[in-house]
C-alpha cells in the first residue's frame, strides 16, 4: 500500500510511523553515547550563547560585519543542534525501536538541509567580507555597509530556504511505500527513497539545489581565499600573520562543513549497513560540526574579550578631555591591537603621542596650548580594513 506524506500529514500523521533503524548498533553502550551527545549539546548551546551574548551586548562588536557574520553562523549551529540532538537523545534511550511521524520526518529533513546549506552561503558571505577587508581595504566602508550586511544575511538565509523548501515539497508528494529507514534522523534523499513513485524530478532538483547552495558558495570561498593568499604572498610577514590569523578560523569552519556535508551526501546515497555507518555519521555530522564551531571561533574570544574589557574600562571607548575652559569634549579612543596592518604605524604614533601628552584635567585651561597640541597630534587613516573606527 502506498502512502503520500502530504496526505499523512493532513490526517494528523496517526495512520503510520517511520521506523529509524540506525540505532541498532547502540546496544549496551547506549548510556555512553547518550552522555557523550548530551555533553556535546550542552557545550554547544552554552558556548554559542556566551559568544552571542558578548557580541550582542557590546556596541563596539555588533556593529562590525565580521562579528555579525560569526553570530549568524553560531545561531545556525544552535538551531541545527536543536533540530537533531534532542530527538536523538530520546531515541538512544528508547526501549523500543525509535519511530517518527511523517510530518515530523519531513520537517526535520527540511531544517537539517536548510541549516546545512545556509552554513555554506554564510561562509561565502564571510569570505567576501574578508576579501574586501584585506584586498580592497580603502573601499571597505563603501562596499560593506550595514545595509549591505543585512542584504547579504537575508540572501544567505532566504535562497537556501526557498530551494530546500522546494525539494521538501517535491519529496512530500512522492507515494510512501517503505516505512523502514536505515538512518539516525530523516533527510530528504532517504525519505524520497522510501517512496515507490518516480523520483527523477526530485533527484534533478536536489542536484540543482546542491549546486546552487553548496558547490557555488564553495567555489567562491576557494576563490576569495586564493586571492587573499596571493595578496599575502606579496606583503610583509606582519601583514601575512594578521591576515592568516583573521582568516584561519573561517577556513577551518569551512573545511569542517565541507567534509561533513560530503560524507552526508555520499552516505545517504549508499544502501549501507546501519551497524557500521551510524558511528561515523554521529561523529562527523553531529559531533564535529556542532562542537568545532564554538571551539574554532573561540580563537576570536581574545578579540571579543579585549574589546569588552576596553569598553567597560573606557566608558564606551571614549575619553573626556578638557577643552578651552568650556567643559569637556568627547573623543574616540582606540583599542590597542585593532585595525589593519597598514594602520599599525599610525596607531603606534598616536599611542606614543598620548603617552607623552597625558590629559591634565585639573590644570588651568589654555586655549592656545590646546590648539598647539592639537596641531601636533598625529592623525590616523579613516580607512580600516576590518570596519573598525577610532
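Placement of Cβ uses the backbone N, Cα and C atoms for every residue, glycine included.
Keep in mind the model is a prediction, meaning the values are calculated, not measured.
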>> According to TrEMBL, transmembrane segment applies to one of these ranges: 6-30, 31-55. Which one is it?
In response: 31-55
>> Looking at 227-246, 247-266, which stretch does TrEMBL describe as transmembrane segment?
In response: 247-266
>> Using a Cβ cut-off under 8 Å, which residues of the same chain at least 6 positions beyond either end of the transmembrane segment (109-128) come close to it?
In response: 66, 69-70, 72-73, 76, 79-80, 83-84, 152-153, 155-157, 159-161, 163-165, 167-168, 171, 185-188, 191, 209, 213-214, 217-218, 220-221, 224-225, 250, 253-254, 257, 261, 264
